[in-house]
Amino acid sequence: MPPNMAKPIYFGPFLVTSQVFHTTPHSFILTNLRPLLPGHTLVCPLRKCQRLSDLTPPEVTDLFLTVQRVQKTLKRLYQATAFNVAVQDGKDAGQTVPHVHVHVIPRQAKDMDSRGGGDKLYEMLEGDEGDIAKELVEREKQPTFKPDSERTDRSKEEMEAEAAWLADEMAKDDGVE
């Protein structure tokens with residue numbers, strides 16, 4: 001977690017401060033509870049807005065510059081040759097947490113072959129596998145998660161450890177040790 005976080009950070013109604021590994025004046029990056037692939041992170045505005053069109057021009061600029069920034073680190077760490085960058089803008093587009101967020105998913109050649117091919121990722125984003133809100137609500141009710149058919153939810157401790165590691169790695173890319 002970056003040392004400069006003086007206030008709690010919320011992703012929609014969920015307190016996620018301990019999973020946040022980078023902040024900017026208008027945005028934050030957090031680890032994903034249910035990553036579709038290794039390195040799958042979320043970039044969000046600090047101000048809770050449900051729709052992309054609700055953001056101010058400085059917030060939009062900061063949000064997407066932050067997406068580019070995390071791509072640099074994820075490319076290095078996960079040897080990504082490509083990225084899926086996705087915004088589900090509203091409930092009917094598959095948004096499950098009412099807070100703008102950009103999925104940043106590192107990709108490699110043939111990384112989805114065992115799951116039905118590269119386009120299967122889009123189905124996963126829109127299906128139960130990508131339903132972050134449902135899982136965050138369940139997390140608040142239960143101390144642990146039950147595995148689903150393809151993957152298990154990560155513990156808060158796993159996400160915090162990843163956040164600390166990614167914060168250190170982003171600092172390396174910024175030339176700060």
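Backbone N, Cα and C atoms are what each Cβ position is placed from, and that goes for glycine too.
Because TrEMBL annotations are produced automatically, they should be read as predictions rather than curated entries.
Secondary structure at His101 (active site, tele-AMP-histidine intermediate), taken from DSSP and collapsed to helix, strand or coil, is coil. Just so you know, the Cβ of His101 (active site, tele-AMP-histidine intermediate) picks up 26 other Cβ atoms within 10 Å once every protein chain is counted. If you look up TrEMBL, you'll see His101 marked as active site, tele-AMP-histidine intermediate.
Feature annotation from TrEMBL assigns substrate binding site to Asn32, Gln88, Gly94, Gln95, Thr96, Val97, His103.
What TrEMBL records for 132-158 is compositional bias 'Basic and acidic residues'.
Taken from TrEMBL, the feature domain 'HIT' applies to 7-114.
Residues or ranges marked as region 'Disordered' by TrEMBL: 132-161.
According to TrEMBL, the site 'Important for induction of apoptosis' annotation covers Tyr122.
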Counting across all protein chains present, how many other Cβ atoms fall within 10 Å of the Cβ of Gln88 (substrate binding site)?
19
Neighbour count, 10 Å Cβ-Cβ cut-off, for His103 (substrate binding site): what number do you get?
22
Rounded to whole angstrom, what's the largest C-alpha distance between any two of Asn32, Gln88, Gly94, Gln95, Thr96, Val97, His103, listed as binding substrate?
16
